[in-house]
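Chemist: Could you have a look at this structure, given as structure tokens, before my questions?
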Amino acid sequence: MSRPDTLRFQGTTSPGRSGRWLQQLLWWTMLVSSVAIALYGSYYFLVRPSDAHFAHYILPLRLHIAGGIGALLIGPWQFSTKLRARALNWHRWLGRIYLLSVALGSIAGFAMALVSKEGIATHWGFGVLAVLWFFTGLRAYLTIRSRDVRAHRRWMIRNFALSLAAVSLRNYLPLMLFGFHWSFHVAFIVVAWLCWIPNLLIAEWIIQRTRPAESTLAA
């Protein structure tokens with residue numbers, strides 16, 4: 001297994017002990033939360049949703065979930081420098097599957113956004129997320145095809161941050177409903193935007209923090 005301490009989320013090429021500990025914590029948090037939500041999503045392939053709204057759109061829902069599961073299960077491993085160094089072909093093939101998963105999930109997700117609950121605010125929130133998820137995946141593909149590894153890495157960070165919107169949503173929504181006692185109407189509108197905007201801002205912060213380490217990346 002590729003060790004998470006090979007991830008470089010710091011602004012230096014040789015992080016100290018505290019930096020390596022933070023890298024491991026971030027990587028394992030990312031992996032465990034991604035796997036947990038992927039397992040949760042697989043439930044919809046075993047049973048028909050009890051919610052009549054989702055049951056009516058079962059095909060795009062399952063396609064969206066399938067794409068999301070693929071992205072969440074593969075994504076963390078694509079940020080392991082050790083995996084890339086030791087098994088570059090695996091990294092490339094997993095990357096292809098990841099981007100195909102993103103394409104499937106984002107297209108189906110856009111269709112679901114158009115019929116999402118609570119009206120125009122959620123249509124826009126989830127719709128913009130789907131468009132950005134597809135666009136950043138496309139940019140990641142085009143940049144690696146042109147052998148621009150640094151740009152590819154930046155677009156992949158942005159893209160996986162958007163993939164993690166699935167994790168954010170399922171953490172924020174229960175908190176809003178049961179912790180803050182918001183109505184579902186308000187909570188769902190807020191989470192349609194909150195599940196991905198902070199993720200993207202954090203991705204940009206990581207990109208800026210890791211620019212000095214980009215010189216160590218190899219195609």
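Cβ coordinates come from backbone N, Cα and C, glycine included.
Heads up, TrEMBL stuff is auto-annotated, nobody curated it.
From a predicted model like this one, the values you see are computed outputs, not experimental measurements.
Copying in the features that TrEMBL gives for the protein in this structure:
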TRANSMEM  25-45  transmembrane segment
TRANSMEM  57-77  transmembrane segment
TRANSMEM  97-115  transmembrane segment
TRANSMEM  121-144  transmembrane segment
TRANSMEM  156-173  transmembrane segment
TRANSMEM  179-202  transmembrane segment
Chemist: So which residues does the transmembrane segment (25-45) touch in its own chain, when a touch means Cβ under 8 Å and the partner is 6 or more beyond its ends?
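Modeler: Residues packing against the transmembrane segment (25-45) from afar: 4-5, 7, 9, 54, 61-62, 65-66, 68-69, 72-73, 75-76, 79-80, 164, 166-167, 170.
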Chemist: Which stretch, 57-77, 97-115, 121-144, 179-202, tops the Cβ pairs under 8 Å count with the transmembrane segment (156-173)?
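Modeler: Looking at each of 57-77, 97-115, 121-144, 179-202 in turn, the most contacts to the transmembrane segment (156-173) are made by 179-202.
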Chemist: Are there residues at least six beyond either end of the transmembrane segment (57-77) with Cβ under 8 Å to its Cβ atoms? List them, or say none.
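Modeler: Beyond its ends, the transmembrane segment (57-77) has Cβ neighbours at 2, 27, 30-31, 34-35, 37-38, 41-42, 44-45, 48-49, 83, 94, 97-98, 100-109, 111-112, 115, 160, 163-164, 166-167.
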